[in-house]
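Q: Annotations for this protein, taken from TrEMBL, read as follows:
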DOMAIN    A:19-198  domain 'ABC transmembrane type-1'
TRANSMEM  A:25-45  transmembrane segment
TRANSMEM  A:52-73  transmembrane segment
TRANSMEM  A:79-97  transmembrane segment
TRANSMEM  A:133-160  transmembrane segment
TRANSMEM  A:180-205  transmembrane segment
Amino acid sequence: MSVDWSWIADHTDDLTTLTVNHLQAALSAVFFGLLISLPLAVLAHRVRPLRGLLLGLSNILFTIPSIAVFVLLLPVSGLTRTTTVTGLTIYTLVVLLRNTVEGLDSVPQKTKEAAKAMGTKPLRALLTVELPLALPVIMAGVRIATVMSISLVSVATYIGDGGLGQLFTDGFQRDFPTPVIAGVVLTLLLALVADALLVAVQYVLTPWNRRRREA
Amino acid sequence: MFELFKDLGAWLVDGDQWAGQDGIGHRLTEHLQYSLLATLVAAVIALPIGLLIGHTGRGAFVAINLASFGRALPTVGLVVLVFLASGLSMWPVYVALVALAVPAIVTNTYAGMSAVDPEVRDAARGQGMRGHQVLFQVELPLALPLVMTGLRLALIQVVATATIAAYVSFGGLGRYVFDGLAQRDLVQVLGGAVLVALVAVVLDLALSGLQRALFRHRPAKSA
C-alpha cells in the first residue's frame, strides 16, 4: 500500500476545502455543546436530584452508535450540515456536562462563601468566581470533546457530509488507498493542532494558575 | 413520528425478525462475538502496558498521549484502510475495534496504578517484597477498580462501534443500520440503532453492578 503523491499534489485544493469543512463541523458541535451543557451543568450542580438524571441521560446518549444518531436525525433535518452538527453536539454533551459539573464541584466552599460575604450577587458569583475557577476542569472536557468531534465528523460521510470522511468513502469505492491515508493523517493533524491551541487558550485564560506555578 | 415508533415497536417484537440467519438473535450473537473478542485482545495488549507504565513510573507521557491519539483516530478511515490492505477478511473490523479499546484500557490501568498510595508501595518494599510481588500482591489489587472501569468503558465503546463491521460486509447489528440505509428503510435503521444502544446500556449497567458488588468492602476513595 503506497501513497500516490501525484494524486495529493493534484488535489491540494480539495483537501484544503475538506479540512476547513471538517473543522467547521467539529467546532460548531463543541460550540453548541458548550451552549447547552453550561446551563444544564449549573442546574445539575445546584439541584442534586437532577444531577444523576442529567448525567445518566447523557451517558445513555453516548452509547448510541454515532452512525445511528446521524440516521435517526434524517427525518428531522435531512441530508444537511444541521444533521451532522446536531449528531456531534449530542456526543460532546456527555463529556462537557460531566466535566463542567465536576469543575463546579471543585470550587472550594470557602471561596463561594467569601464571594457571598462580600455581597456578590449569585449570578455574578457564578460568572466571575465559580466558572473561572472551574475553568481548568471545563477546558479538559472541551479538549476531549474537540478531539472526539474531529474524529467523529468522518462518520457523517454515510449521510453525505463528513468533511475529510468523504475521502474514506471515495477511497473505499475506488479501491484506492491514497485518499484514505490522506484523510486519516489530516484528521490526526487537525486534532493535534486543535488540542495544542486549546492548551494555549487555557494558559491565556487562567493567569492565576500560571503565577502560582512560577512562584 | 408516532407512526414511526409504532412500526419500530412492531419490528422489534416480530417473531420472524428474530429467527434465522438475518434474524436479530443471530445478529446479536455476531455483534457480541466481535465486541467481546476485540475487547479481550485489546485487554491482552493493553493491560501489561498499563501495568508496566504504572509500576515503573516510566512512559506516563506515552499513556496520556495514547488516549488522545486513540480519540483522534477516525475509526471509519482505519476500517477502510485495513480493508484496502487486507481484502475481504475480519481484519479491518478487529484492527479498528482493538485500536479503539487499547487506549481506554491503558490509560485507566495507568490511572489506577498511579493512584496507589506511594506509602503503601514503600511499606511493601520495606517488608522485602520483590518488584513483581509488589505489582501483583499490592498495586494490582488496589488498582483493580479503575482497571475494571477501563475494561468496561472499552467494551461499551467497542459495542457501539462494532456497528461498522456491516460497512465492510460482515454481520452484527450494524447490518440493519447499513441495509436500512441502502434500502431507505428507516424502521430497520432505527431498529438496529435501538438494539445496539440497548446492548451497550445493559452491558454497562450489568458490569457496573458487578463492579459495585465486587468492591463493596472498599472505601470509595483511597483516602
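Note that the numbers count up from 1, one per residue, in the order the chain is shown.
Note: Cβ is positioned from N, Cα and C throughout, glycine not excepted.
Could you give the neighbours, burial and distances for every feature on this list?
A: Beyond its flanks by at least six residues, the transmembrane segment (A:25-45) meets 51, 54-55, 81, 84-85, 88-89, 91-93, 96-97, 100-101, 104-105, 126, 142, 145-146, 149-150, 152-153, 156, 161, 163, 190, 194 of its own chain at Cβ-Cβ distances under 8 Å.
Long-range contacts of the transmembrane segment (A:52-73) within the same chain: residues 40, 43-44, 83-84, 86-87, 90-91, 93-94, 97-98, 101, 152, 155-156, 158-159, each at least 6 residues beyond the stretch ends and with a Cβ under 8 Å from a Cβ of the stretch.
For the transmembrane segment (A:79-97), the residues of the chain that approach it from at least six positions outside its boundaries are 25-26, 28-30, 32-34, 36-37, 40-41, 44, 54-55, 58-59, 61-62, 66, 69-70, 73, 138, 141-142, 144-145, 148-149, 152-153, 156, 159-162, judged by C-beta separation under 8 angstroms.
If one looks beyond the transmembrane segment (A:180-205) by at least 6 residues along the same chain, the residues whose Cβ comes under 8 Å of a Cβ in the stretch are 1, 3, 8, 15, 18-19, 22-23, 26, 135-136, 139, 142-143, 146-147, 150-151, 154, 164-168, 171-172.
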Q: Residues of the same chain, at least six outside the transmembrane segment (A:133-160), with any C-beta under 8 angstroms of its C-beta?
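A: Residues 22-23, 25-27, 29-30, 33-34, 66-67, 70-71, 74, 79, 83-84, 87-88, 91-92, 95-96, 98-100, 102-104, 106-108, 111, 166, 168-169, 183, 187, 190-191, 194-195, 198-199, 201-202, 205-206, 209.
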